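Chemist: The structure that follows is given in the form of structure tokens.
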Amino acid sequence: MSPVRPRFYTPREVSRHCIVSDLWVSYLGRVYDLSPLLELHKGDVLLKPIIEAAGRDISHWFNPKTGDVKTHIDPQTGCLKYYTPQGRFLHTAPSFPCSGWDNDFGRPWWKESTYQIGILSSKTKFIRIINTLTSQEQALEVCSEETIREILGRYLPYNGHAGSYTWKFCGLPLDMDKTLQENGVWDEDEEFEELKIASDLYTPSIHLYFNDDLTEL
């Protein structure tokens with residue numbers, strides 16, 4: 001049995017989850033739902049920096065090589081300590097020895113894989129999906145790593161019968177298990193940037209042709 005493919009998220013999707021009861025963050029290329037953590041430690045003042053960062057990327061908190069919180073030499077004590085200019089947060093030690101510091105919490109939250117829900121896309125793009133049967137058009141932000149089948153999943157809220165259509169680009173059927181790039185839908189953003197042309201002036205269009213089999217997903 002092949003492993004389950006992780007889901008990809010756009011920064012915009014992460015940013016929508018920005019309240020205490022529904023709090024996501026991203027760091028080091030992964031997306032995390034920290035809502036259970038906040039519920040578990042409800043009322044703890046050390047949650048404040050995490051709550052303030054809700055819906056955002058906090059990769060700058062961490063050392064990309066170790067995956068741990070960044071460290072520095074404390075100028076007052078000369079000791080190595082966590083670098084937390086945003087304020088000390090949950091599971092980081094206090095600056096000075098403290099009898100009330102309980103480090104018997106096991107794995108720190110930033111290394112707890114159970115909070116991970118997916119991968120942050122390295123590049124997103126807007127496409128237009130045009131239903132040739134109804135002439136309806138939908139703009140959709142997608143992840144460059146997603147296959148057409150996964151993009152279909154994003155489109156389902158707008159068309160519950162999306163699986164009953166043949167998906168085409170420039171008149172050619174798309175391979176549903178390949179990405180846009182692998183299907184020849186090239187990302188020209190870099191070329192547009194070199195030419196100083198706004199990338200949103202061109203949005204690739206995917207055309208859907210009804211198969212008349214009433215497939216329901």
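Sequential numbering from 1, following the chain as shown.
Positions of Cβ are set from backbone N, Cα and C atoms, glycine also.
OK, Swiss-Prot features for this one:
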{"type": "DOMAIN", "residues": "6-72", "note": "domain 'Cytochrome b5 heme-binding'"}
{"type": "BINDING", "residues": "HIS41, HIS72", "note": "heme binding site"}
Chemist: Translate the DSSP assignment of HIS41 (heme binding site) into the three-state scheme.
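Modeler: HIS41 (heme binding site) sits in coil per DSSP, no helix or strand.
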Chemist: Of all the binding-site residues here, HIS41, HIS72, which one's CB has the most other CB atoms within 10 A?
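Modeler: By the 10 Å Cβ neighbour count, HIS41 comes out on top.
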Chemist: Which state, by DSSP, holds HIS72 (heme binding site): helix, strand or coil?
Modeler: strand
